[in-house]
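The next block holds one structure in the form of structure tokens; read it before the comments.
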Amino acid sequence: MKKRIAILPGDGIGKEVTRGAVEVLQAIGERFGHQFSFSYGKIGGGAVDEMGTPLPDETTRLCKDSDAVLLGAVGGPKWDQIPVHLRPERGLLKIRKELDLYANLRPTLYYSSLADASPLKKEVIEDVDLLMVRELTGGLYFGKPSERSTQDGRDVVVDTLFYQKEEMTRVIKLAFELAQNRGGKVTSVDKANVLESSRMWREVAEEVAKDFPEVTLEHMLVDNAAMQMVRNPKQFDVVVTENMFGDILSDEASVLTGSLGMLPSASISEKGPYLYEPIHGSAPDIEGQNIANPLATILSVAMMLRLSFGLEEEAQAVEASVNEVLNNGFRTKDIASPGKKLVSTTEMVEEVKATILDNEATQSIMSCYV
Ligand SMILES: NC(=O)c1ccc[n+]([C@@H]2O[C@H](COP(=O)([O-])OP(=O)(O)OC[C@H]3O[C@@H](n4cnc5c(N)ncnc54)[C@H](O)[C@@H]3O)[C@@H](O)[C@H]2O)c1
Ligand SMILES: CC(C)[C@H](C(=O)O)[C@@H](O)C(=O)O
Ligand SMILES: [Mg+2]
């Protein structure tokens, strides 16, 4: 199989983790006889510095002409003070909108070998298998107006939470389809006790649920959901929620696996191409030290193989290799624990590649979201 993949490394550790993930894709190509070609595009702070915009038109074109997109991360303190329309994060929001990536799938899985890396008790996190479905192109992130001004001599600011009903319907419907495939239930998270947008969200969830009689729907207020996520995460199966709630809850959910560096994501649209990225950011505090955990990005590549290319066996080879490497005790600093083998970013990538090429791993643990 021949596929064109756009690589957008971005800023900070985005460059380090995408480099590793590309090597893993090359190893998969080698083992299974596929030709993956990689074209690189600029996005984020580096793009602002070089081209004066966080998302150059040529990057958008490159993505639209590709079969799938892999993104690292954007942002960093260097760009914190620049005008808001030039912020690196704007580049990410814009490419999500340009590609109409309305749903962001963020699976959170329990890795038995990582139980010691989580601050939560093993009994609480054991066998967690949670799929967050986050609305990605609406809500507070995109509403207009979003601006500061002066009213009667006072500084004021407004951000707008805007949704069309259809934007809610399509992502909630997808969550139900995924839950049906998994034989699971849907927890719809909102703030319907306060927000009008959440009241509509809840109504839409009820309407969509009528077409999925075998899927149970429950509603949960977001503040309670944040607490339940760490108190009793096993109660969740598919969680569907609006853009900002999903952003916050998915970082929280990553603690269940042991680290933010473990959570992959797939952002999907009606037509494709889809975009894959770790859920973490550019991690300026560890940038350039070769200590970042590359597994979230490597697991994102597994999602790409499965969801964009239909290569299930190849996806499982990646996931099984990650599992095997963890079972063999290799740990980057964020998931380190006594008695385990502390490795750098590049060493972790080498371990995963070697396991793929030697066809050593058999036990895949991550086909939960399809
Ligand atoms: N998708 C994205 O591009 C994305 C996502 C989140 C944040 N950001 C941006 O990244 C910058 C930094 O944000 P932040 O510090 O709040 O969040 P962050 O996700 O970059 O980092 C949070 C913490 O987690 C650690 N961490 C993150 N990924 C890791 C990995 N792979 N391995 C080991 N440790 C890891 C970091 O070292 C840090 O201590 C900001 O500019 C923010 O806007 C971008
Ligand atoms: C950088 C930021 C715009 C982004 C988001 O909030 O969507 C990030 O936190 C993420 O989770 O991908
Ligand atoms: Mg986030």
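Counting begins at 1 with the first residue displayed.
Every residue, even glycine, has its Cβ placed from backbone N, Cα and C.
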Legend entry - Binding-site annotation, TrEMBL, substrate: partner of R96, R134, D223 in R87, R106, R148: R106
Legend entry - Cβ-Cβ neighbours of D80 (NAD(+) binding site) (radius 10 Å): 11
Legend entry - Entries of D80, P88, K191, D247 which, being recorded positions, have CA atoms within 10 angstroms of D223 (substrate binding site): K191
Inset, instruction - Please compare the binding-site residues R96, R106, R134 by how many other CB atoms fall within 10 Å of each one's CB, and tell me which has the fewest. - result: R96
Inset, instruction - Could you list the residues of the same chain, at least six apart in sequence, whose Cβ is under 8 A from the Cβ of G76 (NAD(+) binding site)? - result: D11, G12, G45, P88, S282, P284, E287
Legend entry - Shell of the Mg(2+) site beyond D223, D247, D251, same chain only (C-beta within 8 angstroms of their C-beta centre): V222, A226, M244, F245, G246, I248, L249, S250, E252
